[in-house]
Amino acid sequence: VLQSSSSLKASYEDWLLTYGLSVSPFHLRWQTALFNRQFYSWGRWKPRFLYLWFSVGMVFGIVAMFGSVILLGKTLLQTLTQMLTEAPKAQNDRMLQVVVSAPSSGLCVRTVPGVNLPISQLTYFFSAILISGVIHEVGHGVAAIREQVRFNGFGIFIFIVYPGAFVDLFTTHLQLISPVQQLRIFCAGVWHNFVLGVASFMVLFLLPAILFPFYYTGVGALVTEVAEDSPANGPRGLFVGDLVTNLQDCPVYNVEDWNSCLGDISEKSQVGYCVSAATLQQLSFPARVYRRLDGTVECCSNNSLTDICFSYSNKLDSHLYACLPARKVIEASKVCRTNMDCHKDFVPSFCVTPSLENQTRLIRVKHPPHIDMLYVGHPMHLQYTVSLSSFVPRQNFLSIDLPVVIETFCKYLISLSGALAVINAVPCFALDGQWILNSFLEATLSSLIVEKQNRELVGFLILLAGSALLAANVALGLWMVTAR
């Protein structure tokens, strides 16, 4: 039995070695030489251009190294100040976090403690991480070949659930080249992540022009999804394919307008609607008036699904209430703030305002040719449970989801590739910043500090400080997120 087990283990190890696989607890790694020819082709393409390309990358990497220290120092001070403040505010804006735009509807998982990610967004998240890692390592590999360092192979790994990439370079060659050449190689990963982030931003910025032959913009916000538990879900609600053009009297030309209008509606007081005195007398009916727990007034039956309590004032009394059918009052009515807004053609009119609970709003949503949707609730609930797009297909067979997919993926690439660039530039043990710092000190201090041991001591102390700075930011950031 022991001999059989040993034979099986040897066969398994040989199989792993043959396919370049390495398996250990929480870590799966695959390395191959299949792409070596392609890497060498890239590394030998237009040598002068690559020299300039990676020289610019070297300058960027050095600036990024110093910039990351300043950023981490500033973030740490802000976090400590916030911790000492009795009433902390805007926590997420103060901490160094990866932030992406994602809908709040649907199930979520935690990718890191305190950071929730919708399950529908996991594909974007892990794909962006993998692509950012691959582009990062391609930068190192091509720069190494450009500097005549032997390239052994390329690989991909999965640590727990997070994917990444790596390149295997011949260490002896790497140690023999000059510090400036080393800098071009070590800075190439950070540089490529920055370029990927900029390229993604340009695609995101130019997307309306890129998709112009197939989609048009500036006409409204197209509904792409309505959550099942959304207040906007129902026979008089919103449906996939509807084009929202107005929220109250706020015009909506794109998703940004939708979010902006909802924000304004949430911050400002409830608007009213102009109703003539004759119509008011005709529609209103006697009702009992009572105060809610929050101090607001109700004058309709709790069982009514069509009537809403409205408040208004006349010359004699400033606190009058009437229970009115909401749709008849609002449709074809002008939006107002005071009775003065309703004076027209000498017809006596009043500005009637919905008497709702605090933070609750009555919102008229126009999505022609359908009848207006009347929404009663918190504006943010509407924002969180309805997904929209600024792109309207020119033909029915075109997908309404494609522009959203491109937009979302670009945002993830910008965020995660940028984060990878910033973190890797930190002069910290086991990050690119460690090798960038060592090569930078060798290139700049060799004439000032002759002894190599002394230069290494300076580098070690800086790396120790950088590692402590990064660890403090991560620890305090996670503590503040999880302590809420």
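Glycine is treated like the rest: Cβ placed from N, Cα and C.
TrEMBL: automatically predicted annotations, no manual curation.
The transmembrane segment feature in TrEMBL is assigned to 49-73 (among others).
Residues or ranges marked as transmembrane segment by TrEMBL: 122-139 (among others). Residues 39, 42, 57, 109, 111, 154, 156, 161-167, 188-193, 196, 408-409, 412-413, 415-417, 420, 424 of the same chain sit 6 or more residues outside the transmembrane segment (122-139) yet have a Cβ under 8 Å from a Cβ within it.
The feature domain 'Peptidase M50' is assigned by TrEMBL to 124-464.
Under 8 Å from some Cβ of the transmembrane segment (151-170) lie the Cβ atoms of residues 20, 26-33, 35-36, 39-40, 43, 126, 129-130, 133-134, 136-138, 140-141, 144-145, 185, all in the same chain and six or more residues away from its ends. Taken from TrEMBL, the feature transmembrane segment applies to 151-170 (among others).
Annotated transmembrane segment per TrEMBL: 190-212 (among others), in sequence order. Residues 54, 56-58, 60-61, 64, 131-132, 135-136, 138-139, 390-391, 403, 406-407, 410-411, 413-414, 417-418, 420-421, 424-425, 432, 436 of the same chain lie 6 or more positions beyond the ends of the transmembrane segment (190-212) yet place their CB under 8 Å from a CB of it.
Per TrEMBL, transmembrane segment is recorded for 412-437 (among others). Residues 61-62, 64-65, 67-69, 71-72, 98-100, 121, 124-125, 127-129, 131-133, 135-136, 182-183, 186-187, 189-190, 193-194, 196-197, 200-201, 204, 459, 462-463, 466-467, 469-470 of the same chain, all 6+ positions outside the transmembrane segment (412-437), place their C-beta atoms under 8 angstroms from a C-beta of that stretch.
The transmembrane segment annotation in TrEMBL covers 457-481 (among others).
Summed and averaged per residue, pLDDT over the domain 'Peptidase M50' (124-464) gives 92.
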